[in-house]
Amino acid sequence: MFCYQCEQTAKGGCTKIGVCGKTDSTATLQDLLLHLTKGLAQVAVAARGQGIEDNEVNRFISEAVFSTLTNVNFDDARFVTLINKCVSLREGLKTKVSGVEFGGPAVMAPALDIPGLVAQGKAVGVESDPEPDPDIKSLKHTLTYGLKGVAAYMDHAAILGREDDELYAKFQGLLAATLATGLTLEQAVEAGLECGRINIRAMELLDDANTSAYGHPVPTEVKLGPTAGKAILVSGHDLKDLETLLKQTEGKGINVYTHGEMLPCHGYPELHKYPHLAGHYGTAWQNQKKEFAEFPGAILMTTNCIQDPKKYIDNIFTTGLVGWPGAVHVGNDDFTPVIERALAMPGFEADIDKGSVMTGFARNAVMSVADTVINAVKSGDIRHFFLVGGCDGAKPGRNYYTEFVEQAPADTVILTLACGKFRFFDKQLGDIGGIPRLLDVGQCNDAYSAVQIALALAKAFDCGVNDLPLSLVLSWYEQKAVAILLSLLALGIKNIKLGPSLPSFITPNVLNLLVENYNIAPITTPEADLAEILG
Ligand code: FS2
Ligand code: SF4
């Protein structure tokens with residue numbers, strides 16, 4: 001195996017087993033699925049050229065690509081099913097296309113067993129890319145990883161009924177383009193920026209899907225301590241799964257808790273209305289082995305990030321695209337096994353007061369107090385905004401973000417999103433004239449909301465986003481962060497500070513290009529970065 005798609009990759013790439021726990025066979029089956037899905041995208045592009053749009057193919061391509069995102073699916077058997085479905089959809093679609101000669105992954109026949117599929121996967125992995133120029137290869141891999149992020153957003157939006165054929169067309173065109181060789185540097189850069197642009201559309205669709213189904217988030221206090229009684233913990237990112245579970249647990253005497261990236265769900269009126277949505281438990285994904293082992297109820301993983309659950313394998317359930325071998329997968333929206341497990345477990349013995357946090361400061365909530373914010377900036381009460389957001393992770397160096405927030409002066413406001421917030425989410429930072437200094441915009445999936453807030457501020461101040469008293473201090477881990485970074489670049493946003501380490505798939509020349517055109521810089525120390533930004 002060779003995988004270097006995430007921030008915690010081993011030095012030079014994961015080659016024997018992933019730091020994430022991904023085995024050689026899973027990584028290789030993922031490579032094969034991705035390769036075959038690129039072939040399916042080629043056929044879908046050709047079909048579209050002849051006026052044929054196949055929604056089952058469109059949905060499948062998003063699901064297959066999302067399945068290969070870090071910490072989503074570790075189950076070889078599920079990848080075999082996906083590989084066979086990919087080929088079956090491809091062959092079905094081909095029968096409707098006339099006069100096109102396909103090759104490569106568009107004609108490849110899958111082997112009949114896992115060893116055979118793994119052998120095929122070895123021949124089409126990351127290192128097999130025939131691209132001779134390391135910088136073009138770097139940009140192509142950046143594009144591939146960015147597309148994994150876009151696929152995640154498209155899939156979440158589609159689950160709530162929001163799809164866009166034009167977006168599918170652009171996505172599949174870019175996915176097929178990752179097979180091309182001979183791209184110029186300019187073409188490879190442009191493909192990356194186009195990925196950023198289509199990601200904005202995907203995030204917009206998802207924002208519309210979430211807010212149409214559950215209302216615009218409103219500032220909401222969320223209890224951190226448990227309530228006595230039976231319990232289910234929901235992790236991942238999927239709002240619909242949470243709603244379905246809340247409906248199915250109504251009147252059953254079970255309290256439902258959010259974990260990790262599900263925290264912002266409390267801000268949505270149509271989810272908050274359930275009285276048994278009892279609070280939030282735990283912190284970011286990398287702490288789950290300890291937190292889940294101590295949870296006295298059932299656990300439902302709706303999306304990334306899942307870690308090896310063997311210590312509590314009987315208590316954890318996966319749904320949607322998530323998989324772990326040996327964990328029960330609920331694939332039909334009937335969470336009865338989860339509910340039965342929760343009822344059989346002891347639950348929490350007593351109420352425990354652990355305080356509370358605020359969430360729900362998404363674009364509508366922030367814009368509803370735009371006048372107050374603008375006046376506070378004009379009067380000098382607010383000197384600067386920081387967006388300190390992105391993924392959390394296990395590698396050392398991420399304390400930077402905690403210290404950055406702690407050291408940010410009292411006349412600055414911190415906007416945050418994604419699971420990186422758990423480094424500081426419960427800090428009492430006070431307020432500036434009634435505006436809380438710490439504003440949780442939402443999940444990584446809500447980056448669109450943060451972008452809209454920045455664009456609205458720029459409009460209000462009649463300047464560009466780069467001229468605002470706003471600095472982006474981002475942490476990355478997986479491929480949704482790659483997609484978001486490409487979106488920010490496509491919007492022309494400069495001076496981003498990125499950490500805790502830079503992507504392994506970025507070559508020195510590509511990094512230089514980013515520095516020259518966008519002034520991206522790696523994080524240094526909170527003291528130095530704050531002094532530079534505010535100086
Ligand atoms: Fe966090 Fe993990 Fe949200 Fe990423 S829960 S790092 O894949 O999606 O941010
Ligand atoms: Fe390694 Fe990350 Fe790939 Fe897992 S996803 S194998 S940790 S690079």
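The backbone N, Cα and C atoms fix where each Cβ goes, and this holds for glycine too.
Curation plays no part in TrEMBL annotations; they are all automatic predictions.
For Cys3, Cys6, Cys14, Cys20, the entry in TrEMBL reads [4Fe-4S] cluster binding site. The Cβ neighbour count for Cys6 ([4Fe-4S] cluster binding site), using a 10 Å radius over every protein chain in view, is 27. Classification of Cys6 ([4Fe-4S] cluster binding site) by DSSP places it in coil, neither helical nor stranded.
Counting only residues at least six positions away in the same chain, the Cβ atoms of Glu7, Ala418, Cys419, Gly420, Cys444, Ser475, Trp476, Tyr477, Glu478, Lys480, Ala481 sit under 8 Å from the Cβ of Cys391 (hybrid [4Fe-2O-2S] cluster binding site). Taken from TrEMBL, the feature hybrid [4Fe-2O-2S] cluster binding site covers His237, Glu261, Cys305, Cys391, Cys419, Cys444, Glu478, Lys480.
Residues annotated as cysteine persulfide in TrEMBL: Cys391.
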| field | Cα-Cα distance linking Glu261 (hybrid [4Fe-2O-2S] cluster binding site) and Cys14 ([4Fe-4S] cluster binding site), given in Å to the nearest integer | value | 26
| message | Please check the binding-site residues Cys3, Cys6, Cys14, Cys20, Cys305 against ligand 1 and give me the ones with CB under 6 A, sequence order. | response | Cys305
| field | Pairwise Cα distance for Cys305 (hybrid [4Fe-2O-2S] cluster binding site)/Cys20 ([4Fe-4S] cluster binding site) [Å, integer] | value | 10
| Of Cys3, Cys419, Cys444, Glu478, listed as binding-site residues, which ones have a Cβ less than 6 Å away from ligand 2? | Cys3
| remark: Same-chain shell around hybrid [4Fe-2O-2S] cluster excluding His237, Glu261, Cys305, Cys391, Cys419, Cys444, Glu478, Lys480, C-beta within 8 angstroms of the CB centroid, reads Gly260, Trp285, Asn304, Ala418, Gln443, Asn445, Tyr477, Ala481
| request: Can you grab the distance from Cys3 ([4Fe-4S] cluster binding site) over to His237 (hybrid [4Fe-2O-2S] cluster binding site)? Cα atoms, rounded to a whole Å. | output: 24
| Where Cys14 ([4Fe-4S] cluster binding site) falls in three-state DSSP terms | strand
| Taking the mean position of the Cβ atoms of Cys3, Cys6, Cys14, Cys20 as the [4Fe-4S] cluster site, which residues outside that list, in the same chain, have a Cβ no more than 8 Å away, listed in sequence order? | Tyr4, Gln5, Gln8, Thr9, Ala10, Gly13, Gly18, Val19, Lys22, Ala27, Thr70
